[in-house]
Amino acid sequence: MIRTHDAGSLRATDAGSTVTLAGWVARRRDHGGVIFVDLRDGSGVAQVVLREEDAHVLRNEYCVRVTGEVTRRPEGNENPELATGEVEVTAEELEVLSEAAPLPLPVDDQIEAGDDVRLRYRYLDLRRSGPASALRLRSAANQIARTVLHERDFLEIETPTLTRSTPEGARDFLVPVRLQPGTWYALPQSPQLFKQLLMVGGMERYYQIARCYRDEDFRADRQPEFTQLDIEMSFVTEDDVIDLGEAIVSRLWRELAGHQITRPIPRITWHEAMARYGSDKPDLRYGVELTELTDYLRGTRFRVFAGAIEAGGYVGAVVMPGGAAQSRKELDGWQDWAKARGAKGLAYVVLDAETGEARGPVAKNLSTEHLAGLADVVGAKPGDAIFFAAGAESRAAQELLGAARVEIARRANLVDESAWAFCWVVDAPMFERVTDREEAGAGGWTAVHHPFTAPNAEWMDRFEEAPDRALAYAYDIVCNGNEIGGGSIRIHRGDVQQRVFDLLGITPEQARDKFGFLLEAFKYGPPPHGGIAFGWDRVCMLLAGADSIREVIAFPKTRGGFDPLTAAPTPITAAQRLEAGVDARPKPEARAQAGTAGPAAPVADPT
């Protein structure tokens, strides 16, 4: 054994004992013939006292082994900021296990470094307490989730990561098959179809911490490879899945964030979330709700609002508390903010702090009658600003106001950063119209989630009558404006599945090609089933108090999908390309077999 104790485990009760420690030189301080070294390992830091002649070669991040006696620090020299701050180790033996070159990245929590440097030297970055504690928290989260699920008799089952390409919204990462030139595997975007097959197979309660891959345009805080806590259950209702989701989340937040979540977690419908917050993942740590003004402003002569109302669209508003104090430049800046989001602008009025009189471009275009009651309708006070959005499409206008709501909360310091606010968003739309014929298929509609999501009871028998209003047994859990998990009850009846395919314009041939193996399995008594998947990177990010999912991933990539550590992705050689069969054309028989399950194999006679 190289060491007898962890550096961070030493306490005053260990005084008088001889220990052997191993770790890195975190800091060195010379004091006239004596050198003090902060020795760091994965458990923490211990102070080691060495003779100068023994330790003069030591530099930061040398890896060393020290044997010595634990003694109490002299009175007045204790360090209350360290768990080991009452003691030190007087070294009797020192062994340099390996030396360290000059550091490209300071291994110091007090010194910030750029993301590119941190990712390029991630192994050094992980020696810092912040990044290291984030990964330890993630490991603890994994263990807690497994404990909750095993308490409920779930099975941890691995599903393939080399599979066939199926449509799930984003592009697949494709892998050429050397032994079958011209054919390709796909890395899974989720274990969705396999976990449903496990339900057909009678596994009933499945989970895995699954690696998933999506070749999508990089935006916001995304990674091309990510992790889900993936769950599926047989013979369950929506309430059963939600109850399990709450059990997992409440245990995680209690043990890792010290926060007791009040259960049941509130539920709001998707349409209510859009109407009140302009988002299907609302941040409930603050108020500032949207107000629809379509009926209130009916009859207005202001062309922007009148045009939207006449088109059967939407006019709404959101209030910025104290917003009237903004300068003209700041108010004009909101127009640039809106245009950056694809809108034409963001109309506004400000209410005089003394008189409450409405001023601004919109005020000049509204009637005295409409202006008189406006503040009461939207809940504004003197000194506030009111922002408006209008459009023939309600959702786009609501989403613009929803984004404004978030920006208002940020600028007006309305967010309690120490608070946790959870909700479920339920009864999501089942379909949405798509104008891209290639994406939508012959039906002109696409599934909001996936084509195996079940309609809710109200729409089960009539979703074809009004696809734009049909609701699904789909549910998302939201924390502080972040969607951290989502799922649905699945279709298990063949007649309902066929009706969905018909609406989506998916022909029997296309269905067999895309989902043949699943449809074949569904001929043999599939149980009612449903599930949920948690975005594990985002869950851990929130628990760690981090600003990006990169902080809780061991070796993350940049926003452009580049890995500064390994310089991946890289070109392949001509020889590799030829051997992998990248340019080969598939044989006709391989194309004919794709996606078909074929006839069922004969069942052996048990006698």
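In case you wondered, yes, glycine gets a Cβ from its N, Cα and C as well.
The shown structure was predicted, so the numbers you read here are calculated from the model rather than taken from an experiment.
The following features are taken from Swiss-Prot:
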SITE      His31  site 'Important for tRNA non-discrimination'
SITE      Gly76  site 'Important for tRNA non-discrimination'
BINDING   Glu168, Arg214, His449, Arg490  L-aspartate binding site
BINDING   Arg214, Asp215, Glu216, Gln223, Glu483, Gly535, Trp536, Asp537, Arg538  ATP binding site
REGION    578-607  region 'Disordered'
COMPBIAS  580-590  compositional bias 'Basic and acidic residues'
Expressed in Å to no decimal places, the gap between the Cα atoms of Glu216 (ATP binding site) and His449 (L-aspartate binding site) is 17
The sparsest Cβ environment within 10 Å, among the recorded positions His31, His449, Arg538, is found at His31
Gly76 (site 'Important for tRNA non-discrimination') -> DSSP, reduced to three states, gives coil
For the compositional bias 'Basic and acidic residues' (580-590), the DSSP residue counts stand at 4 helix, 0 strand, 7 coil
Lowest 10 Å Cβ neighbour count of the binding-site residues Arg214, Arg490 is held by Arg214
Ranked by how many other Cβ atoms lie within 10 Å of their Cβ, the binding-site residues Glu216, Glu483 are led by Glu483
Those recorded positions from His31, Glu483, Trp536 that fall inside 10 A of His449 (L-aspartate binding site) by CA distance are none
Among Arg214, Asp215, Glu216, Gln223, Glu483, Gly535, Trp536, Asp537, Arg538, the record's ATP-binding residues, the widest C-alpha separation in angstrom comes to 20
Expressed in Å to no decimal places, the gap between the Cα atoms of His31 (site 'Important for tRNA non-discrimination') and Gly76 (site 'Important for tRNA non-discrimination') is 17
Reading the DSSP string in three states, the entry for His449 (L-aspartate binding site) is coil
Three-class DSSP assignment, Arg538 (ATP binding site), comes back as helix
Cβ neighbour count within 10 Å, max among the recorded positions Gly76, Trp536, goes to Trp536
Simplified DSSP label at His31 (site 'Important for tRNA non-discrimination') comes out strand
Whole-Å Cα distance, Arg538 (ATP binding site) to Gly76 (site 'Important for tRNA non-discrimination'), is 44
Among the binding-site residues listed as Glu483, Arg490, Trp536, the Cα nearest the Cα of Gly76 (site 'Important for tRNA non-discrimination') belongs to Trp536
